[in-house]
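See structure below.
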């Protein structure tokens with residue numbers, strides 16, 4: 001220690017492999033900024049073994065500025081120096097791994113490539129093919145590929161509460177908003193809110209918010225990145241030395257650009273780029289995906305569009321661009337013969353697997369919105385003998401699934417609404433996740449699975465609230481398949497939906513359950529939540545941790561923008577504070593009975609209340625739990641955004657209910 005001087009840079013003295021391993025945990029943009037530190041760090045990018053990039057979303061226009069004063073279709077002026085396309089940044093990040101001092105130095109083998117695109121376009125097909133081909137040729141002993149081509153909601157079935165008229169509309173927003181309660185609940189009315197806002201208007205107007213520019217990334221052609229006449233290395237070099245990309249990566253990126261144009265580096269870079277270009281233009285690769293790329297480019301031709309012409313009127317029917325089906329990427333066949341591929345997360349896309357699939361090392365597979373036939377998906381899964389983690393999201397073409405020959409440890413099925421039967425025969429299954437409508441009795445068959453091995457289970461019933469006796473019976477039979485689990489997560493439109501019904505009287509006990517997490521909406525006038533929660537706790541005698549996540553009530557679809565000060569477009573950001581879901585009425589009658597439930601009085605040591613809004617039903621449930629939890633050690637309560645005085649009142653109320661006065665209390 002005596003020889004160490006103050007300010008000595010000991011990190012830079014580490015080996016390149018160690019520094020590259022550290023930078024591999026950062027996004028590629030952050031890792032590239034390290035090259036601007038000193039000449040010592042310029043070659044560290046060659047030791048980075050993981051490339052991760054996520055396309056940023058376009059900024060949401062703020063109505064605090066004058067954006068709402070523009071005519072429809074117009075807005076603030078566009079950025080004169082927009083950043084380069086996202087695909088150019090990915091290509092540049094891959095080729096930056098070949099930045100080295102000597103030409104005989106080899107780049108670090110690639111371990112993982114993670115790319116998250118906001119939207120996939122027709123012209124991106126060849127570029128994405130190049131990424132995959134490069135990853136396969138530069139892969140080491142293990143390779144992880146995570147390619148997301150479009151961001152979209154998994155399920156189009158929103159949660160909705162059942163009403164007396166059996167409609168599918170959600171409960172009116174009058175039951176969850178402070179401004180709509182009026183004198184009935186002793187809360188502020190809309191007039192009071194508007195008066196309070198008007199009084200503070202002069203303070204809010206003094207704050208000048210900078211206008212948010214709108215970046216147009218679609219205006220740059222992908223041909224500038226990967227073209228048929230110029231190599232990918234030359235294009236990527238231009239992207240790395242371009243001033244626009246430098247601005248996007250780091251304000252001090254002049255040093256990085258300087259390193260890319262240095263005379264010593266040119267010779268090494270040219271030889272490395274030649275190897276990469278050779279990997280991207282392999283003959284086998286061109287034969288595998290040339291026809292697929294043509295099919296994708298022809299999908300949006302005028303001939304296909306002319307098919308939309310009406311046969312009766314013989315006039316062209318105008319179809320808006322946003323209503324056309326999004327372009328679909330087709331995976332090159334070379335991917336399915338990579339022996340080093342250990343993890344594959346991909347979608348939405350079309351797989352088109354070849355006749356022979358060789359993926360002996362694949363352990364984790366996630367497919368999102370693949371359009372292939374269900375038999376092709378089944379063939380891919382069956383060809384992976386070492387598969388241990390399988391996730392299917394919104395794969396509507398899959399109707400049956402057989403997993404008898406796989407040794408799965410985790411299985412997740414999310415919103416595959418056409419899936420009718422699943423057969424699981426793995427004795428090592430530890431975690432199961434399901435999201436969808438209430439399944440039939442014959443949906444899941446676990447022949448070789450031991451109930452004691454299943455430690456975690458998540459069941460999410462999307463869509464309309466479960467209320468009929470038939471659906472409740474099917475839900476009960478489905479949950480009884482997981483009575484031996486230790487961690488149970490239940491989510492539905494309504495918190496604890498249906499458990500107060502007599503259908504669950506004969507429900508089998510969860511004798512090994514230690515952690516119960518429930519998520520859903522709890523309307524203001526819900527009078528059955530205490531009885532439902534009592535029944536759930538009675539069937540979990542060994543429960544130790546209880547977590548409740550209160551979701552906001554579903555939007556009824558006819559939102560009243562008059563509630564917003566200034567209307568839909570005239571409302572300012574800070575004025576939204578007065579339109580919130582947080583509420584408090586000290587005159588509410590909270591009927592929380594005293595109950596002698598074994599787990600609540602003797603076992604439960606931690607209670608978590610997340611997104612607590614303070615409605616009458618939520619306060620009744622919180623009072624029931626806290627007044628009967630006699631051995632509680634830890635209490636967590638997270639409030640929804642709202643006025644501080646309401647949060648203070650709710651916090652004092654909760655602390656007064658806690659009978660055991662837990663030492664660890666966290667309020668947020």
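Here the Cβ of each residue, glycine as well, is placed from N, Cα and C on the backbone.
Annotated by TrEMBL as region 'Disordered', the relevant range among 28-56, 57-85 is 57-85. For the domain 'F-box' (11-48), the DSSP counts in helix, strand and coil order read 24 helix, 0 strand, 14 coil.
The average pLDDT computed for the domain 'At1g61320/AtMIF1 LRR' (327-548) is 93.
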